[in-house]
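Feature annotations, reproduced from Swiss-Prot:
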ACT_SITE  S73  active site, acyl-ester intermediate
BINDING   K237, T238, G239  substrate binding site
SIGNAL    1-28  signal peptide
Amino acid sequence: MMTQSIRRSMLTVMATLPLLFSSATLHAQANSVQQQLEALEKSSGGRLGVALINTADNSQILYVADERFAMCSTSKVMAAAAVLKQSESDKHLLNQRVEIRASDLVNYNPIAEKHVNGTMTLAQLGAGALQYSDNTAMNKLIAHLGGPDKVTAFARSLGDETFRLDRTEPTLNSAIPGDPRDTTTPLAMAQTLKNLTLGKALAETQRAQLVTWLKGNTTGSASIRAGLPKSWGVGDKTGSGDYGTTNDIAVIWPENHAPLVLVTYFTQPEQKAESRRDVLAAAAKIVTHGF
């Protein structure tokens, strides 16, 4: 597989095609995808980053995939996975209970707010963070791990040298242009998501739990999922923040094809811009066409 740095004006498409396809055909297809993504980005008025990994042969479709984007709530996958990793050596860990106080609540707590003055297990916090994007649940996972830097350290243990988590919810969603805090690149996130859900980064039981949580996500119907055939399986985690930042990362199971891993990150120049899940759906449709 070729490796190269992807610049704004470039798209890398490395796909296994039948031998009857000529190099000219491959070039034309690559140009078509590039042109469609460039047109989508231009019409949206924002900055779009896309990374798709075809696990059948580890070929990739990359667009602005080595630029940093604010992760927002897509970072919850890493925090939940870090707790799952700990549970490999402590089979009772996910049943450990964490106290939920009114003072713990932040700006979005659809699950945690039901447990104020009570407790939640780490398993419930993982499900709440990934399936409902509960911000208090995320903060409790981070606190259990020992802080944002411990989430970053877990990423480093997986070989991800790009991911960085610096803050907790909700400040990690500020998404200020040029601010490196709480960012990664589409390609780095795609590679790590692949390792966590389809690779050996987690033991089988923990990997299955992570995939189950992602497949049960309730927040992604208008994002990547909206750009895919309804018959395909999807597990995803969305994210949103200031500057109209709109994200989704997903593992996709097409019919009769090996899984795909897709990361779509999008942000805009105005701090109060609205989210654009339609851009993510359109990008997903473009890059998965033909699978």
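Backbone N, Cα and C atoms are what each Cβ position is placed from, and that goes for glycine too.
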Quick note, the residue listed as 'active site, acyl-ester intermediate' and G239 (substrate binding site): C-alpha atoms separated, nearest Å, by 4
What DSSP gives for the residue listed as 'active site, acyl-ester intermediate', in three states, is helix
Near substrate: residues not in K237, T238, G239 with Cβ within 8 Å of the site Cβ centroid are C72, S73, T74, K76, V77, S133, N217, T219, G220, S223, D236, S240, N247, D248, I249
Same-chain residues at least 6 positions away from G239 (substrate binding site) with a Cβ under 8 Å from its Cβ, in sequence order, are M71, C72, S73, T74, S75, K76, S133, N173, T245, T246, N247, D248
